[in-house]
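Colleague: Sharing the features that Swiss-Prot gives for it:
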- 1-146: topological domain 'Cytoplasmic' (TOPO_DOM)
- 147-168: transmembrane segment (TRANSMEM)
- 169-173: topological domain 'Extracellular' (TOPO_DOM)
- 174-196: transmembrane segment (TRANSMEM)
- 197-380: topological domain 'Cytoplasmic' (TOPO_DOM)
- 381-401: transmembrane segment (TRANSMEM)
- 402-409: topological domain 'Extracellular' (TOPO_DOM)
- 410-431: transmembrane segment (TRANSMEM)
- 432-930: topological domain 'Cytoplasmic' (TOPO_DOM)
- D468: active site, 4-aspartylphosphate intermediate (ACT_SITE)
- D468, T470, D874, D878: Mg(2+) binding site (BINDING)
- 468-470, E591, F633, K638, K657, 686-687, 766-768, R848, K854, 877-878: ATP binding site (BINDING)
- 503-535: region 'Disordered' (REGION)
- 505-530: compositional bias 'Polar residues' (COMPBIAS)
- 931-951: transmembrane segment (TRANSMEM)
- 952-963: topological domain 'Extracellular' (TOPO_DOM)
- 964-982: transmembrane segment (TRANSMEM)
- 983-1012: topological domain 'Cytoplasmic' (TOPO_DOM)
- 1013-1031: transmembrane segment (TRANSMEM)
- 1032-1038: topological domain 'Extracellular' (TOPO_DOM)
- 1039-1061: transmembrane segment (TRANSMEM)
- 1062-1067: topological domain 'Cytoplasmic' (TOPO_DOM)
- 1068-1088: transmembrane segment (TRANSMEM)
- 1089-1105: topological domain 'Extracellular' (TOPO_DOM)
- 1106-1130: transmembrane segment (TRANSMEM)
- 1131-1147: topological domain 'Cytoplasmic' (TOPO_DOM)
Amino acid sequence: MADQIPLYPVRSAAAAAANRKRAAYYSAAGPRPGADRHSRYQLEDESAHLDEMPLMMSEEGFENEESDYHTLPRARIMQRKRGLEWFVCDGWKFLCTSCCGWLINICRRKKELKARTVWLGCPEKCEEKHPRNSIKNQKYNVFTFIPGVLYEQFKFFLNLYFLVISCSQFVPALKIGYLYTYWAPLGFVLAVTMTREAIDEFRRFQRDKEVNSQLYSKLTVRGKVQVKSSDIQVGDLIIVEKNQRIPSDMVFLRTSEKAGSCFIRTDQLDGETDWKLKVAVSCTQQLPALGDLFSISAYVYAQKPQMDIHSFEGTFTREDSDPPIHESLSIENTLWASTIVASGTVIGVVIYTGKETRSVMNTSNPKNKVGLLDLELNRLTKALFLALVALSIVMVTLQGFVGPWYRNLFRFLLLFSYIIPISLRVNLDMGKAVYGWMMMKDENIPGTVVRTSTIPEELGRLVYLLTDKTGTLTQNEMIFKRLHLGTVSYGADTMDEIQSHVRDSYSQMQSQAGGNNTGSTPLRKAQSSAPKVRKSVSSRIHEAVKAIVLCHNVTPVYESRAGVTEETEFAEADQDFSDENRTYQASSPDEVALVQWTESVGLTLVSRDLTSMQLKTPSGQVLSFCILQLFPFTSESKRMGVIVRDESTAEITFYMKGADVAMSPIVQYNDWLEEECGNMAREGLRTLVVAKKALTEEQYQDFESRYTQAKLSMHDRSLKVAAVVESLEREMELLCLTGVEDQLQADVRPTLEMLRNAGIKIWMLTGDKLETATCIAKSSHLVSRTQDIHIFRQVTSRGEAHLELNAFRRKHDCALVISGDSLEVCLKYYEHEFVELACQCPAVVCCRCSPTQKARIVTLLQQHTGRRTCAIGDGGNDVSMIQAADCGIGIEGKEGKQASLAADFSITQFRHIGRLLMVHGRNSYKRSAALGQFVMHRGLIISTMQAVFSSVFYFASVPLYQGFLMVGYATIYTMFPVFSLVLDQDVKPEMAMLYPELYKDLTKGRSLSFKTFLIWVLISIYQGGILMYGALVLFESEFVHVVAISFTALILTELLMVALTVRTWHWLMVVAEFLSLGCYVSSLAFLNEYFGIGRVSFGAFLDVAFITTVTFLWKVSAITVVSCLPLYVLKYLRRKLSPPSYCKLAS
């Protein structure tokens, strides 16, 4: 019978004719007959012949201008590009990756996931082998740790290059110095990396061991036994106590709660902080004792494992009853792993374990984000490698290719290898850690958490900011503001009138019920005693408030009084309902706001379980209602409903509420709903339409029969259930329209203004309706009051999108507002053109956006503009957008921590993003740019000195400095001053916040570009040449004097260059300068005996008598001054003649 339920609603002939007429207008071809597609609220699109519509759009009925660049044949250009050029650049990578992936898939041979039959308490009856219920987050094991870490390091070309260079020192013919000269820096980098990986791996092992070793009670024929979480199998009956983690995916069989339901916390699974109500299988809940689970013959048929945590299809069957009992299972009957039991004790049968659980299947490794600064440094490093090879070839060429020239070439590669600094990555990683620490310690943005420490510089390069609305720009704290009944509207200042109407209605009902028990219902009697006008308004208010307080998924929770117990008690009908200790639990803040409002006007929800609700009237009377059916809210239906029976009158009523777009076709004809929805949305209110329908007992029984059959179907269950429910959703009586306000967060307006002045374009992506999104955009000053707004009209086909894009193209300097459906059509046919037009707008608002669309918009901006994007949100629907962006920011809000946990940076309020970007982002980028260039300068200058030295001595491949000189130069002699640049800042934080225009300069990338790189190369060549030639000219009698003079001048030059670059001194910078100088001076004395005199090494120039003379000091000073003074003069003149922006502000 269930399979006979129609899957799709029948389309009217008029609708089909209108659709054909529309298609005929937009193309010369006739309408294409085809199968109907299930879409109740979307206009159908004849996609087949739309694909045939030419881009030139020259058919009759279209306007085509010469300036219309939408008509460019871009497809042909892209097709030509995918030729030999594509294969040489990227095609071979794609082909190799595809082949490797194919081979890996063949080797792994993943087991196909299938549906399963699980017998209660009988794991041995499982037909197939299921994975162990163990959690493993470790990347390596004991045997693969060292090979794995080494592979991760040496898969990068530069690290592999340093390994080859270091290994070459084992070849006698290529050896040019001590082994530790090359192996010490490489070993240090590897040691730091392996230590960090080992610590992280050990922490993962400890966490996995702790989770896998948790003990649970397993129910067996002989009683309860303790079992580890990792030993749980499919079919086991597991008992989970309150506040205990659920170890695997289970079907909920029994609970200690009388209501047959329990609450669970899912914040670790979906990030939502609201408790979820779960319902036990009625057949097993009704068993007298726990041990009776083994006295019945029952099984669960479960669908194959899948990722969707919000849906489940299955059946429960008891075979030993007559007739057999069949119950449908849905998401409300499941207990997913990694959730927490919040009330009572639950018993469930395990259906999925290990990697087949929903939590594990939804755990994916997010993409490894690489910052733009790292990519730029990689490009510069590749340029340095080319310079290294070119310089070595030049030296060999000038040498005349004498002897074994290839050996000399390799030796020159070794001598000049310091051009590519191996310490660059270590310095930058340590700098990123410092930036993250500064962000988290900033008292002006408390609660900030840095979860991805590799991309702090991205915060200083952003061009596009994509933000959610609810909970991000707004507080997600809902306040009931407006009730509209069609003819009268009640606002915040007239709520006392509603309260008076409700109180009068129930007092008259009570008096009439006590005075006369025959005739009409109490409500009708109450109405008949009132004047005609008053009766109509009072009746409508009463029905509206009653519908609001009955149609929801809210559960009142009563906390026991202090000093008794900490257990949470749930209200029962016969207990004393206290307003003091009652709180409401629901999956949406809107629901709670509505129920709290009904409480404020006198009608209070005091109790709710699976089958009943109790309401308390203003006089204290308790009204009972039986819940017959509940239809929860889904993102597809955009509405929820409930069927209840009034126990005092036995009347059955179907209540429903939802979004206006979903409810408009359902309710009876009216002339005010659409207009008032628009009015409320323009005020920034979130609207819900409330309706009802009275049912007879026969109508309900017929519906229940069809609904039960649909729920038992294992194929297309959701479609069949929707079809049955839709048969009930016809000609419903419109009761009221509610408006709930979500207030803006603190300082949203100045923050958005600051971001706009910083050159950041802001796009708001929200799932809310167009009017509400537009109103919030105006009230938050996302769109200034002087700017025009172009509302992209609804389009459903390629032709309509073409015409609307042409109309939009003629607009200038106006904000764009577009719905998700229109956006989908535009991206399908005119992706490049739409993005190009949208990027020219000062602001863009996308409403009715799905999470997938949000992520796609981020990806499109990255692909089409090449600029850095940032996404910020607070809910689970923002996670995909946050992970797709170059920089993701999560806000810990009312909707939980899922967005915060998935983001790269976590903040507590939207206004904190201003300081995060203007101060920390800007400083991080400028500091890393200076640090990277200084580290490269440090390698370039010593390589220049080596080149000069070799050229002077007949291009001999002999090292100028050896041993500890090279190691000390890259570490203790210069590392601290150079690294102290991470504390430098050009302007004070207050100045950066006051003048956000300073941020705009960073998007051009001038702090680290090929121009600045070439300037530093020229500086290095100049200084290296001066230091080396100066030492050669001024040395006296021995060669060791050349080494002593040049190396000492080199160290002083590096220290002075750091001092000349610093713009704001920090006391740690001063300490670093003097510490490095002190280390160098002290090493002259302590290492004198360690190196032999007479060798070209560190000890060779330790002629104490020479280095303590005035001659040595003035020669070193002269060379240092000549190498640094001209640069200082040029810098001074530049700041006077063409000062940068920060200098103008500082002055």
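Numbering starts at 1 and runs along the chain as it is shown here.
Backbone N, Cα and C atoms are what each Cβ position is placed from, and that goes for glycine too.
The model shown is predicted, which means the values in this text are computed figures rather than measured ones.
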Colleague: What three-state class does DSSP give D878 (Mg(2+) binding site)?
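Modeller: Where D878 (Mg(2+) binding site) sits, the three-state DSSP reduction gives helix.
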Colleague: Given pairs 6 or more apart, does the transmembrane segment (964-982) have at least three Cβ pairs under 8 Å with the transmembrane segment (147-168)?
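Modeller: Counting Cβ pairs under 8 Å, fewer than 3, so no.
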Colleague: Name the residues of the same chain, 6+ apart in sequence, whose Cβ is under 8 Å from the Cβ of N877 (ATP binding site)?
Modeller: D468, G767, S850, P851, K854
Colleague: Which residues of the same chain, at least 6 positions away in sequence, have a Cβ lying under 8 Å from the Cβ of K657 (ATP binding site)?
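Modeller: Once residues fewer than 6 apart are set aside, K657 (ATP binding site) is near A547, I548, C551, R639, M640, G641, M663, L688, V689, V690, A691, T738.
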Colleague: Count the CB pairs under 8 A between the transmembrane segment (1013-1031) and each of 147-168, 410-431, 931-951, 1039-1061, 1068-1088, then give me the winner.
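Modeller: Highest pair count goes to 931-951.
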Colleague: Sequence gap of 6 or more, Cβ distance under 8 Å, 3 or more pairs: do the transmembrane segment (1039-1061) and the transmembrane segment (410-431) meet that?
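Modeller: Between the transmembrane segment (410-431) and the transmembrane segment (1039-1061), which are separate recorded stretches, there is no contact, as judged by 3 or more close Cβ pairs.
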Colleague: Kindly state the mean pLDDT of the topological domain 'Extracellular' (952-963) in the predicted structure.
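Modeller: Taking every residue of the topological domain 'Extracellular' (952-963) together, the mean pLDDT is 81.
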Colleague: What residues in the same chain, six or more past the boundaries of the topological domain 'Extracellular' (952-963), come closer than 8 Å to it by Cβ-Cβ distance?
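Modeller: Distant Cβ neighbours of the topological domain 'Extracellular' (952-963) are 176-178, 180-181, 395-396, 398-399, 408, 411-412, 415, 942, 945-946, 969, 1028, 1032, 1043, 1046-1047, 1091, 1096-1098.
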Colleague: Say you check the Cα of T687 (ATP binding site) against those of the binding-site residues T470, D874, D878; which is nearest?
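Modeller: Closest candidate to T687 (ATP binding site), judged by Cα separation, is T470.
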Colleague: Which residues of the same chain, at least 6 past either end of the transmembrane segment (174-196), have a Cβ under 8 Å from a Cβ in it?
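Modeller: Tertiary neighbours of the transmembrane segment (174-196) are 146, 149-150, 153, 159, 162-163, 165-166, 168, 407, 410-411, 414-415, 417, 422-423, 425-426, 957-959, 962-963, 966-967, 970-971.
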Colleague: How many Å separate the Cα atoms of T470 (Mg(2+) binding site) and F633 (ATP binding site)?
Modeller: 18
Colleague: Could you check if the transmembrane segment (381-401) is in contact with the transmembrane segment (931-951), meaning 3+ Cβ pairs under 8 Å among residue pairs at least 6 apart in sequence?
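Modeller: The answer is yes, given that the two segments have at least 3 Cβ pairs within the 8 Å cut-off.
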Colleague: Out of 410-431, 931-951, 1068-1088, what stretch is closest in contact terms to the transmembrane segment (147-168), meaning most Cβ pairs under 8 angstroms?
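Modeller: Maximum Cβ contact count belongs to 410-431.
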